Amino acid sequence: MANERHYSATDRLLLQADAALRTLLPFSGKPYRPSPAQGEPETQLDAGKARHVAGLMRINHTGEVCAQALYQGQALTARLPRVRGAMEQAANEEIDHLAWCEQRIRELNSRPSLLNPLFYGLSFGIGATAGLISDRISLGFVAATEDQVCKHLDDHLKQLPEEDRKSRAILEQMRIDEQQHATTALEAGGLRFPAPVKFGMTLLSKVMTKSTYRI
């Protein structure tokens with residue numbers, strides 16, 4: 001495109017730093033879409049249920065932190081402009097999920113995970129490395145990551161108390177969006193990862209979910 005803006009390496013690094021701050025600082029990410037929980041009734045959960053739901057939403061929030069970092073790392077090193085643009089668009093859409101989860105966590109009188117900076121750094125490194133290897137690998141990581149997220153969401157939807165319609169509305173919309181991201185990445189040429197690679201990613205995701213449920 002004739003009017004496409006071209007950024008220098010310094011510009012891109014500054015943009016990545018800004019994205020990191022907006023991801024990690026409380027309430028700094030502004031959603032593009034209103035929360036699906038708007039209009040749903042607030043149900044008083046007992047203390048045990050509220051703690052459990054807060055733990056689940058904390059896991060999902062950290063998952064979105066990881067997704068942001070993964071996409072930003074890939075956007076930094078992607079070779080083709082269309083792939084870079086796809087990564088940046090996916091990151092923008094994940095901002096909605098990040099903000100929705102954080103808002104719900106606060107409504108449950110809890111807080112995001114203290115481990116978010118660590119997981120952001122690790123995910124950014126993975127994304128940047130994938131982008132350096134090839135755009136097909138980079139897009140494949142998106143698809144495989146979103147598949148993992150969908151599995152987490154399916155499990156969490158089963159665990160939610162039936163009366164918690166706010167959290168359910170958020171997770172159901174996230175599930176739709178994440179599946180679309182995975183499909184788009186594969187259609188754009190993403191590599192379908194073999195089972196051993198997906199198994200390794202599953203193990204890593206379990207480390208994240210177990211640790212962020214409480215911390």
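Each residue, glycine too, has its Cβ placed from N, Cα and C.
Together with GLU146, GLU178, HIS181, Swiss-Prot lists one candidate of GLU42, GLU94, GLU102 for binding Fe cation 2, that being GLU94. Going by what Swiss-Prot states, the Fe cation 1 site holds GLU94, HIS97, GLU178, and the candidate of GLU40, GLU64 recorded there is GLU64. Recorded residues HIS181 (Fe cation 2 binding site) and GLU64 (Fe cation 1 binding site) have their alpha carbons 13 Å apart, per Cα-Cα distance. For the pair GLU94 (Fe cation 1 binding site) and GLU146 (Fe cation 2 binding site), the Cα-Cα distance reads 11 Å.
Geometry remark: GLU178 (Fe cation 1 binding site) versus GLU146 (Fe cation 2 binding site), CA distance 6 Å. Here the C-alpha separation of GLU64 (Fe cation 1 binding site) and GLU146 (Fe cation 2 binding site) works out to 10 Å. The two recorded residues HIS97 (Fe cation 1 binding site) and GLU146 (Fe cation 2 binding site) have their Cα atoms spaced 13 Å from each other. Counting other Cβ atoms within 10 Å of each Cβ, the lowest count among the binding-site residues HIS97, HIS181 belongs to HIS181.
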